[in-house]
Amino acid sequence: MSNKLSLQSTVKFHTGREMPRLGFGSGGLKGDVGIDAVSYAMKTGYLMVDTAQMYGNEEGRKEGSRKRKAQSGVDRQNLFICTKWQPPVEGSDARPTPEQVRDEARQSVARLDKSRFEKEYLDLMIIHHPRPDPEGRANHWKGLALAQKEGWVKDIGVSNFNIKHLEALPAPLPAVNQIELHPWCQQREVVEYCKSKGIVLQAFCPLVRIRKDKFEDPVVVKISKKHNKGVAHVLLRWSLQKGFVPIPKASSPARIDANKDLYDFELDEQDMKELDGLDQGAAGRVSGIDPAHLPD
């Protein structure tokens, strides 16, 4: 597999469009730190950047992308931009209509993208959370579907949705479900369901937030030494070989570079079996979000 995967590898949506197999996560990266990180990531070969309204850094991602273009010459059409629409907070009485969701989503486009052709668009917009209930989720989804129909969002998806949430959504089928995925949290039922429907799985927290107990796990350490690679390399390579789209976050140039150094080795069948054996279910989560226990 190592001779097939590369930094330029893509995965195809059921809509026919494609997304890079490795993304650059930007949660928590704000101000000049975030701008410089995005710019450096794009300059060194990352082709996808992931952000969200909740992160409060969409404007910074635009500035980082502009800086990237000036430094690297990468045009907008060769860059995949993904953001997440934020539903009303827990306990809010707000019940946005599909039209209101569409209009709020449009604000992200203005914050994130202004191409040289003066045509603003996003490659992917995701609903960040399945709250509050089936009716609310349906309206949120219809709002993103309106944006897609109007053409300024190319594909739409969801995040933290379980099987029940996905089954209840009206058409169209989501292109993506972004969920926590790593060897200690494999969400196998949701993964199998999404694969059966052609829904691409984006993996957030693929590096388990650099948790010391995870990075010192004997199984992962042994495999990293076997391949003369870092633990982060092993975790990201596992994600790629499972067919996921990991979106690791980093701010320093050294870590940004390291997180894409994944294509000169391959985890063998025994490696994958041992990593698969680390699954702890809900107990293995580091994000605190368990889709199995979110509102129906």
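Here the Cβ of each residue, glycine as well, is placed from N, Cα and C on the backbone.
The annotation domain 'NADP-dependent oxidoreductase' is assigned in TrEMBL to 32-279. The active site, proton donor annotation in TrEMBL covers Tyr55. The annotation site 'Lowers pKa of active site Tyr' is assigned in TrEMBL to Lys84. The feature region 'Disordered' is assigned by TrEMBL to 85-108. Annotated substrate binding site per TrEMBL: His128, in sequence order.
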Can you give the mean pLDDT for the domain 'NADP-dependent oxidoreductase' (32-279), rounded to a whole number? 88
Length of the line joining the Cα atoms of Lys84 (site 'Lowers pKa of active site Tyr') and the residue listed as 'substrate binding site', in Å: 5
